[in-house]
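Since the structure comes first, as structure tokens, the remarks are kept for the end.
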Amino acid sequence: MSGEDSIRSFPVPDLGEGLQEVTVTCWSVAVGDDVEINQTLCSVETAKAEVEIPSPYAGRIVELGGAEGDVLKVGAELVRIDTGPTAVAQPNGEGAVPTLVGYGADTAIETSRRTSRPLAAPVVRKLAKELAVDLAALQRGSGAGGVITRADVLAAARGGVGAGPDVRPVHGVHARMAEKMTLSHKEIPTAKASVEVICAELLRLRDRFVSAAPEITPFALTLRLLVIALKHNVILNSTWVDSGEGPQVHVHRGVHLGFGAATERGLLVPVVTDAQDKNTRELASRVAELITGAREGTLTPAELRGSTFTVSNFGALGVDDGVPVINHPEAAILGLGAIKPRPVVVGGEVVARPTMTLTCVFDHRVVDGAQVAQFMCELRDLIESPETALLDL
């Protein structure tokens, strides 16, 4: 095989879910490195998740298709690899066989030799890029074996701060969130309604099950009651559509419940599909799984799309009240404030009770004030007397 014939081009793979571009967050190889089949070439960030892309060939890296931070289209050249018999020496002295095993193969590999690139984990390289720290200038880090650590990068950034701004590129999850929020603000005429809810019975119910079913949290119980209220007030679980036949409201048969989850990568919205078909334990377990997956970065794109109604639980961050932005193109979003003891009037006396503020922001083209009032009052009543509604526990 001639030199040119042995060079294989590997394009950015189609990662599914309609994604059209990726951002290269970290290269694990450099030009001149030897790679083996299924060895990680780089990490890329999409609008949904961060994934590692493995090599389908064994050989030597000839060219990289972009630098860290570059945005590459699906199908664009990611790397060029020389798979010729002289490119990589095998343990038995024979030439390597250029074998394409397909994206995501499970073949075990050994790490190939590296060039003299600074030693740092992908997340540290990403931080260094955001802070404009040259890893090569650090030479050797304080970690084991000279690995450059997060502390090394932060120390270098503090020492080299100039008069200019800290420029941080927006891509991946952050870019997708910004796009949806901007679209929501531009296209949806919103209004809001709030109610204060006494949560004493909700917390008592949670306490009864905390030992046997710790996943049944006040948040999970509230979501289950929300699903009940949405099934009785279906207009909140809908979407405004400008079709060729004129404006339409699409009322969704299934409640696909999204909820905001703050992660190191930004705000994610995991989705509980067909929440109306789950009992309280099933819903609570699924919510716990999705929260864990969001924090660990293991959610699939399918678990982050398709919501018909979204909940913003800013109360989990200690915030009493707020006005969330509708997750376009949904018709409404519900904000949950923190549950705290607050003064309320009971039987003519002021007493302390655990309360929570619920705020519904809604698309006023789809829903009118009376419909939202009915929905919010029903949800308040369910939360204040939850036991009968949750007989499926």
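Keep in mind that glycine also has a Cβ here, set from the backbone N, Cα and C atoms.
Annotation comment: Swiss-Prot describes H364 (among others) as active site. Cβ contacts within 10 Å of H364 (active site), excluding its own Cβ and spanning all protein chains shown: 15.
Among the features that Swiss-Prot reports, active site is placed at D368 (among others), with the record citing sequence analysis. Classification of D368 (active site) by DSSP places it in coil, neither helical nor stranded.
Annotated domain 'Lipoyl-binding' per Swiss-Prot: 7-82, in sequence order, evidence recorded as sequence analysis.
Annotated domain 'Peripheral subunit-binding (PSBD)' per Swiss-Prot: 119-157, in sequence order, evidence recorded as sequence analysis. Taken together, the residues of the domain 'Peripheral subunit-binding (PSBD)' (119-157) have an average pLDDT of 77.
K48 (N6-lipoyllysine) falls outside any helix or strand according to DSSP and counts as coil. Look at Swiss-Prot and you will find K48 tagged as N6-lipoyllysine, backed by similarity to another entry.
Same-chain residues lying 6 or more positions outside the domain 'Peripheral subunit-binding (PSBD)' (119-157) and placing a CB less than 8 Å from one of its CB atoms are 25-26, 28, 43, 68-69, 166-169. The distance from the Cα of K48 (N6-lipoyllysine) to the Cα of H364 (active site) comes to 29 Å. Taking each of the recorded positions K48, D368 in turn and counting other Cβ atoms within 10 Å of its Cβ gives the largest count for K48.
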